[in-house]
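S.K.: Swiss-Prot lists 1-215 with the feature topological domain 'Cytoplasmic'. Annotated coiled coil per Swiss-Prot: 42-65, in sequence order, evidence recorded as sequence analysis. Among the features that Swiss-Prot reports, domain 't-SNARE coiled-coil homology' is placed at 145-207, with the record citing sequence analysis. Positions annotated as phosphoserine by Swiss-Prot, on the basis of similarity to another entry: 160. The annotation topological domain 'Vesicular' is assigned in Swiss-Prot to 233-236.
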């Protein structure tokens, strides 16, 4: 698993703060002896500037991780507390560098070592959940990655369900289209049959009229024959 860039930057920033405290102590030891240490002063200034830039980078990384939901809100609060702790240390170190604040020994003792930083619970956190209490940062990172993976798996499952439902909807739509086509064909067939029935009815009516006309003609012909017969029949 790739290391979290935020924690990698945080670790290096803590090391810079530790180094600044040690070099301020060295400089003050020289000054107590009446000696000057210009090289140490220049180094400390550069380290303080580096510390400031690292803290700004941590703020940017944290804001990006929270805004893109790469970490949970709880983890975001946890990292913000660690970041606030670093900002406080930066102010103490700057004040000590200018001989305006606490002694560097006190500052140095307040800086967590790498082992304590990874093993002891953070005193700045309140109401730490039982799931993360006593865990080191590596373990917490793994736990956060596991949570993110579970969330991704849940989203994948949800996406699969939505895709299947969409496919079912398309299949139902296709089936409805086929049913509509069948209904249209039946309607056309009924219409054609009705047209044929009307045509046949007209033909039957015409035949009936023709049959009636033929009957009348036959009657007339018979009457004419009867008249002719009567006319030519000899009478005594």
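Keep in mind that glycine also has a Cβ here, set from the backbone N, Cα and C atoms.
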S.K.: Averaged across the topological domain 'Vesicular' (233-236), what pLDDT does the model get? Just tell me the whole number, please.
M.R.: 68
S.K.: Given a separation of at least six residues and a C-beta threshold under 8 Å, show me what packs close to the residue listed as 'phosphoserine' in the same chain.
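M.R.: Listed in sequence order, there are none.
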S.K.: Reduce the DSSP letter at residue 160 (phosphoserine) to three states and note it down.
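M.R.: Residue 160 (phosphoserine) sits in a helix per DSSP.
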S.K.: How does the domain 't-SNARE coiled-coil homology' (145-207) divide up by DSSP, counting helix, then strand, then coil residues?
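M.R.: Split into helix, strand and coil, the domain 't-SNARE coiled-coil homology' (145-207) gives 63 helix, 0 strand, 0 coil.
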